[in-house]
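Just below is one structure, and these are the notes that go with it.
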Amino acid sequence: MPEMFAQVILPLPLHDAFTYRVPEQWHGQIRPGQRVVVQFGAKKFYAALVFSLSQSAPQNIETKEIIQLLDEEPVVLHQNFELWKWMASYYCCTLGDIFRAALPPGLKLESKSKIMLTGNEEEHPVSEKEFRILEQVKQDVSSLEILQKKLGNNFSYSALKSLLDRNIIRVEEKINSKYKPKTETYLKFHPQITSEEVLEQKIETLQRAKKQEALLFLFCEKIHAFQPGQKSFISKKELLKGAEFSASLLNGLINKKIVKSFQQQVSRIDEKREKQADLNLLNRHQQQALEEIKNCFEKNQVALIHGITASGKTEIYIHLIDEVLKSGRQALYLLPEIALTTQIIERLKNVFGSKVGIYHSRLNSQERVEIWKKVLQFQTNPQQGYQVILGARSALFMPFSKLGLVIVDEEHENSFKQFDPAPRYHARDMAVVLGKQNSAHILLGSATPSYESFFNALTGKYGLVNLTKRHSNVELPEIIIADLKRAWKKKQMRSVLTPELFGLMEEALQNKEQIILFQNRRGYSPFVQCFTCGWIPRCKNCEVSLTYHKYKKRLNCHYCGFSIAMPPECPECGSPEIKTRGFGTEKIEDELKPLFPGVQIARMDLDTTRSKNAFEKIIKNLETKKTDILIGTQMVTKGLDFEHVSVVGILNADNLINFPDFRAHERAYQLISQVSGRAGRKHSRGKVVVQTAQPEHPLVEIIRRQDYTNAFREQMKERQLFKYPPYYRFIKLIVKHKNPENVNRVAGQLADLLRRNRNMKVLGPEFPLVSRIQLWYHKEIWLKIDPLLPLDEVKIFVAQGIETVRRLKENSSCIINIDVDPA
Ligand code: ADP
Ligand code: ZN
Ligand code: ZN
C-alpha cells in the first residue's frame, strides 16, 4: 500500500500548510476540504482542514499521524480554496487566518476535542503511560487540553496514539457539544405490518380499546397508509396535535408492535415557510435598468447600478435572482451586517420561500452550521439545499457549488472591510473575485457608489447603469442648509435645533408625519470637563476622553469598554462643577422631550439595540407610527424603508466634513445622502435640514444640490493631485507595542528600510488619531504605490522589510500588521 500524506491548514496565523501522515484506515475516504484532528506543537490539538493530498512525505522531517477524520464529506469545496489562496496572497495574510474567518464557529475546534472511552478498555493490555491516560479519561477528563495539563510530563503522544489505534479511546469533535442536531420523534408502521391484511388482523385485536383504534385510524389517514408514493411517516407532534389522544394511548400502539417510533433530525431554521408572493412587476425605469444590466453582463462580468434612494434597486435584485434560480444556479446577496433587517429578510423570504438562507453573526453557532450545510447540500440535492444566501460579509466564504450571481448592495459601505484581525479584506472586492472565479455575474449597487467603484465604471472596467427615478415618482427630498453659527449668535437655538429644523419638525408633527434625527455620537456627551480647572477624564488604556452615559451615570471608553463612575467632584481641584460637553444621542433625547411634550421619541444606537430583538422593535414602532421622532447614529442610515418620514435632520454636519481622512468628503456625502434618503420615500417630497457652522464650505453646496457626479469629480481632482486611491494604491502598516519607545524605534527602522525603494512613497511613521488602544501604542506607515508597479513585487519587498526589522532581537515583541487597501 503506498503511503499517503495530507497537507493541512491549521487555524493559526502560519504561512505554510503542514504535512501529516494519513493512517491507512482513511486512505479511501479522505479528501481535501474535510476536517481532521491533528497535534501541533508539543501540547495542542486542532481541527485542521485538509488542503491537498500527496504520496510523498517532506524530506528530513518527521511527520505525525492524523488523529481523527472528522467529516464524511468535505465541508469546504475546492472553489472556496481558490478564493482563500487569492485572498492570502492579495492581503498578505495566511491561509490559517482565512480558515478562522471563513468557517462558522461550530465547525472549528481548537484543542478542546473530547476524548471518550469506547468500552474496549478491559480487552487490551496497556502500558504504564497508556494507563495514566485511561485513568484520567475515566475520571471524566474529557478534553485533550485538560488531559495534557493534568498529566504534564507524563503525557505521551505515542501512548495516546496507540490507544486510539487500538480503538480503546476515540476523539470526538467539539462540535458535538457545540452543534447538536435537533431531533424529533417520528412514527411509522412497525416492520411487522407488511400488508393491509396484517393490519386488519391487528385492528381486530384492538376491539376493546376503542380509543386506541381511533388513534390508529387517524394515523393511517395521516400517513396515507399503503397508498403508493405517499409519505409513510409522521411526526409525533403532528399526530397528537389538537386531537384528544394522549401519548400513553400512542405508547399502547407502539407496545403492540403496530406503530414504531424513531428519531429524525429536523432543522432549527424556520423551513415551513413557503413562497407567499409573486415578484412585483417592475416599473418602466426598473425594467429598463434590468435590461441594461443584462446587456452589461454580455460584455462585462461586473456591473454597477447607481440608483437613487427608494428607486427600488432591491426589486431589480430580486428579479435577477429569480432568473438565476430558474437557470439552476445559486445566488449570493451581500449586505452590510446592520442592513440585514427583518424588512429585507421578509421581502426575500416572501418571494423565494425556503430556497433562501440568511447568514449573519447574530445567529447562534448551531444555526450557522446548519445553513452552511444546506448550502453544501445544494450540490447533491438541489431541492433541499439553499439556492440563495442573503448574508453579511462572511457569507462570501460559504460553500457554493454553482454560483451564478453575486450582488453587493450598499456597496459603498465601509463595514464591508474587515479591520481586525487578518484577513483584512474588503468584501465588495472579494465578491468580484469570487464571482470571476465561479464565472458568475457580479452586480454592485448603491445610491452613492464608492468612488473606487464609480471610477471603475467610468473607466470601463465595470458596466454602469443609472436609475434616477424613485418608484413612487416622488422627488428626492429638498435639502435646506441651516447656519449653526448664525443661530447661536442670535440665540435662536432650541437645544440642538436651529429654527429651520425646529419649525419643520413642528409642522411634520402636526401633519402626523415622522422625523429622523441623525447624530454620529452615542452616549450623553462625548466628554466631560471640570468647569474650574479644565480637567477632562481620559481612558486609562486608550488615548481618548471618556464618554458620559447619563442613564448609567458612568464614563465609558468606546474603544476598550473601560468605565468608571461619574465622579461627584473634580479629582484635580475638588470643584463640584463637572460639565458635560458636546451632544450624544442620549442627551439629545433628553433635551428634546420637554421641547415636544406628548411626542413619542425613540433612540437607535449601539446602546439601545444590544438586546436581541431591540433593533427590530424600534423599526416596528416606527412602521406602526408608535414613534414620532427617531434619534440615531449611523444605524438609521442603512437602507431602512419607512413610509411616513417626512423630515430628516442632520444635527451636525461639521464633524463629518472635517474628519481628518482622505475619504472624509466621500463619506460625508454618502452619509448625508443616505440619511436624507429616508425622507419622503412614498407619498410626498421630504425635507432634510443639514445643520452646519460652515455653510460656505464647497462640499455643503454639493450636498445641497445632491449632485453625486459633481462631488465625485471634485474629489477626483484632489485624489489625483495628492496621489490617493483610486489613482494610487495604499498599503498601511501598523506597528504596535505597549511601550511607546519600542513603537517609535521599530516604526522608524521599518520606514527607513522601505524608503530605499524609490518607486514607492513612504508616509510616516505617525501616530494615528487614537494613538493608544487597550494599552497598545499604534504607529502607522502609509505606502503610496504607483498603479503601474507590479503589486506582487511591492508586497514581497514590504514583507521582507518587515521580516528584517522583526528579526532584530529587541524588536521581537512588536506586532506589525499589514492592511492592503485600507478603508
Ligand atoms: P432602494 O433599495 O433603491 O432604496 P427599495 O427597493 O427599498 O429601494 O424600494 C423602495 C420602496 O418602493 C419599497 O417599499 C419597495 O417595496 C417599493 N417598490 C420599489 N419597486 C417596486 C415595484 N416595482 N413594485 C412595488 N413596490 C416597489
Ligand atoms: Zn478641576
Ligand atoms: Zn479605552
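Note: Cβ is positioned from N, Cα and C throughout, glycine not excepted.
No curator has checked TrEMBL annotations; they are predicted automatically.
Around the Cβ of CYS530 (Zn(2+) 1 binding site), the number of neighbouring Cβ atoms within 10 Å comes to 21. CYS530 (Zn(2+) 1 binding site) carries a strand DSSP state (E or B). Feature annotation from TrEMBL assigns Zn(2+) 1 binding site to CYS530, CYS533, CYS570, CYS573.
Under the heading Zn(2+) 2 binding site, TrEMBL lists CYS539, CYS542, CYS557, CYS560. Residue density at CYS557 (Zn(2+) 2 binding site): 21 other Cβ atoms are found within 10 A of its Cβ, drawing on all protein chains shown.
For 294-467, the entry in TrEMBL reads domain 'Helicase ATP-binding'.
The domain 'Helicase C-terminal' feature in TrEMBL is assigned to 511-720.
If you count neighbouring Cβ atoms within 10 Å for each of the binding-site residues CYS539, CYS542, the highest count belongs to CYS539. Filtering CYS533, CYS539, CYS542, CYS570, CYS573 by Cβ distance to ligand 3 (under 6 A) retains the following binding-site residues: CYS539, CYS542. Proximity to ligand 2 at the level of Cβ atoms, with a cut-off under 6 angstroms, picks out CYS570 from the binding-site residues CYS539, CYS560, CYS570. Annotation note: CYS557 (Zn(2+) 2 binding site) sits in a coil segment as assigned by DSSP. Between the alpha carbons (Cα) of CYS557 (Zn(2+) 2 binding site) and CYS573 (Zn(2+) 1 binding site) lies a span of roughly 23 Å. Summary for the binding-site residues CYS533, CYS560, CYS570, CYS573: the Cβ-based neighbour count within 10 Å is maximal at CYS570. Per-residue confidence over the domain 'Helicase ATP-binding' (294-467) averages 93 (mean pLDDT, predicted model).
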